[in-house]
Amino acid sequence: MIDRYGRPLEDLRVTLTHVCNFSCFFCHMEGEDTESMQGLSPHQIGLVSRVAVEFGVKSVKLTGGEPTLRRDLPEIIREIRTSGVRDISMTTNGFLLANIAGKLKDAGLDRINISLHALTREKFKDVTGVDGMDRVIAGIREAKNQGFKPIKLNFVLTKRNSEEAKRVIEFSEEIGIDELHLIELHPVGLGRSTFSFHQGMEELEKEIAKIAVKSEIREKHFRPRYTLPSGLVVEIVKPYANPIFCAGCNRVRLTVDGKLKTCLYRDDKVIDVMYALSNKDLTLEERLELIRHGFEAAISIREPNFKYMMKIEAQQA
């Protein structure tokens, strides 16, 4: 289904929990209110996924908090898989991944994004609050052993870890990572208080572009992508105040408390479907129909957060 700005709905991001075993200083917690910590049940997530497929959703990404803290994570993945979703991925800090990667693969998880914000032990602990670099690296290696494809690493660039970027690039090349996402720090949710650590990407991107054997713009989100001689693809993620990024947005978020959040940056553009998910007096079809109404409403209010910048640029052209 397409919104009034011509953007199709293709992705659903599901926040499984707000609990995390890391305390990264820049975490935006998916732009959600953190008062509600426990997420929806596997069955509830499955219901929303089932309706989402009817509206054109092809892929689901599991986020947090830290998704691997959910003991029922394999069950959640199976519920989503049976709903008809084509592609299931997850973003994780990787700390627990080495022990459960096989179970997640067997349950139907296709792809993994693993956060790696430093490759020196002291800096890793400074960024995440946890002395867990070795366990994260073990998780990355086990994900490769299990055959997840592609495996992507996420690196959030800040003033506190900018010197780590090249180390992470080299590590990604050495072990055969498919893609590395260099992500701009942006002021969303809890991340607003740490935006003073924002580090521009211009110089780093120029250095990467110089050695790249191929450069392109990702069609889905209009992000620059550079293929290095090693085969590693480096993608630049700069969503903040970026109307081009907003123009390519094709996702809706399902929050831990049962709301459809239409924009990471907006707290007012949400539709509550918790009644449909939690009312035991409703039949299955009644629940599904209410969730359908929720998606229809969400799509009707969905709009690019930075559309005002589109208007300014159009006037200046």
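Any Cβ shown, glycine's included, is placed from N, Cα and C.
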Additional site residue, Thr91, Thr128, Thr283 [criterion: listed by Swiss-Prot with Arg13, Lys61, Lys152, Arg251, Val252, Arg253 for GTP]:
Thr91
If you measure C-alpha to C-alpha, which of Cys27, Thr91, Lys152, Cys246, Arg253, Cys263 (binding-site residues) come within 10 angstroms of Ser115 (S-adenosyl-L-methionine binding site)?
Thr91, Lys152
Widest Cα span across the GTP binders Arg13, Lys61, Thr91, Lys152, Arg251, Val252, Arg253, in Å?
21
With DSSP assignments reduced to helix, strand and coil, which class does Cys246 ([4Fe-4S] cluster 2 binding site) get?
helix
Roughly how many Å lie between the Cα atoms of Gly65 (S-adenosyl-L-methionine binding site) and Cys20 ([4Fe-4S] cluster 1 binding site), rounded to a whole value?
5
Please give me the CB contact count at 10 A for Val252 (GTP binding site), counting all chains in the structure.
27
Reported as an integer number of Å, what is the Cα distance between Cys20 ([4Fe-4S] cluster 1 binding site) and Thr91 (GTP binding site)?
12
List of residues, in chain order, with Cβ under 8 A from that of Lys152 (GTP binding site) and at least 6 apart:
Arg111, Ile112, Asn113, Ile114, Ile177, Asp178, Glu179, Leu180, His181
